[in-house]
Amino acid sequence: MPENVAPRTGPPAGAAGAAGGRGKSAYQDRDKPAQIRFSNISAAKAVADAIRTSLGPKGMDKMIQDGKGDVTITNDGATILKQMQVLHPAARMLVELSKAQDIEAGDGTTSVVIIAGSLLDSCTKLLQKGIHPTIISESFQKALEKGIEILTDMSRPEELSDRETLLNSAATSLNSKVVSQYSSLLSPMSVDAVMKVIDPATATSVDLRDIKIVKKLGGTIDDCELVEGLVLTQKVANSGITRVEKAKIGLIQFCLSAPKTDMDNQIVVSDYVQMDRVLREERAYILNLVKQIKKTGCNVLLIQKSILRDALSDLALHFLNKMKIMVVKDIEREDIEFICKTIGTKPVAHVDQFTADMLGSAELAEEVSLNGSGKLIKITGCASPGKTVTIVVRGSNKLVIEEAERSIHDALCVIRCLVKKRALIAGGGAPEIELALRLTEYSRTLSGMESYCIRAFADAMEVIPSTLAENAGLNPISTVTELRNRHAQGEKTTGINVRKGGISNILEEQVVQPLLVSVSALTLATETVRSILKIDDVVNTR
């Protein structure tokens, strides 16, 4: 008998069939679903463990190098996972989980994966004790519903007019980032940016596309600024005109150059007279285009980038210069919507449609020099009602600028969360410890397996304070025990003060986060864990 064929020990196939549903013979491979489940759980836990060290203000950063050799330095959970090449399908679910949290709340992308990892760890212990996955799944759903109630009880309502609270929320988000030392500059900038694009009285959400982040290499993060208006990184094409007051701005999508034939034709010019006629015709054609533009009163012209041919010929530039029209070319197609919303202009595809009512207006359009590190074009004092702002991010190198942009995006998302759901909750691991405590009490009111599973869910919540303490160099066991004790005495807002390296009332330290971040993290993590639990087989298809 060959070695790789295991000897059959059970009854022959016919006997198994005859036995019908009796005994274990109806379904031989009972271990496979359990093995698949444990394989999925361990793969997903490996992802959670990979980013555990980057949680909190004292968390470490990751350096990620992609296949092309580009390097990213970050401690944003969503960015780390997005760039990791995860192959296991269950582990990929955690990457998607982090992405979902980034879309929903924008912050808490690391926490949500760590909570999911901890819940999966609890599942392993429950499964090993022989509890059925469906019972675990239903109990976790019950625990989640109770958990959201507990978090909502802990939260306090906030008004958008309370600027101090908004600043504290943005600062808490920025404190765990690489750019944390600049949070005193970036927090007010993020709050002002969001407040300028919404009406605080009626807003229920924020469209972050109204806040454009422009990256410009050079300077330091201290040079970042918020501009009410439009900032373009392109250069002014005609160097003579760099400042225009009372600007009338046109945006064209056609080319200011000699027309090309639709088909590939050749024209043979045999003598100088014909050559002269061709040049004269070209000159007259371009001059006519420029005159039509000037006739509308336009004095700043933005030209969309053309990939087919030169969008702006030297001759056209010469005429525009003579007519004192400032020209900015190579405007990207994706920027056009934002430009139109900001300055109230309309894009024009043909010169015949270029009329005065297509123009936008602004108080000032000028090219600004950035202390030797290039130039920017600023268009300010826009008359149009479009509520948009631009944040200019500066930095000494590409890595710093990109991380600063991600950090500002997270801070903007935190303010957006407060606009969506106007309630705040303490940070520093306080809500998680309170959850663990109250869910444990709740589990005592239940009986049977359900009580046991909810108790395991409660214990899993302690991973956040434990990780925060570990990353801050504190003893996780004594810190979590002390926290439990203080919360049992009714101190709901006691959490880990990472800056001072101890335990204190977190609200007094102004460490706060939107309720939506915590609720979203708990909901999404539980849903993902329940999905992974229900999987008992992985089938590969071609």
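Glycine is no exception: its Cβ is also placed from the backbone N, Cα and C atoms.
A quick note: this is a predicted structure, and the numbers were derived from the prediction, not measured.
Which of 1-31, 466-496 counts as region 'Disordered' depends on Swiss-Prot, and there it is 1-31. Following the DSSP three-state reduction, the secondary structure of Ser111 (ADP binding site) is helix. Note: the Cα of Ser176 (ADP binding site) and the Cα of Asp107 (Mg(2+) binding site) are spaced 11 Å from each other. For Ser176 (ADP binding site), the count of additional Cβ atoms within 10 Å of its Cβ stands at 23 [all protein chains shown]. Classification of Ser176 (ADP binding site) by DSSP places it in coil, neither helical nor stranded. If you take the C-beta of Ser111 (ADP binding site) and look for same-chain residues 6 or more apart in sequence within under 8 angstroms, you find Leu55, Gly77, Ile464, Ala521.
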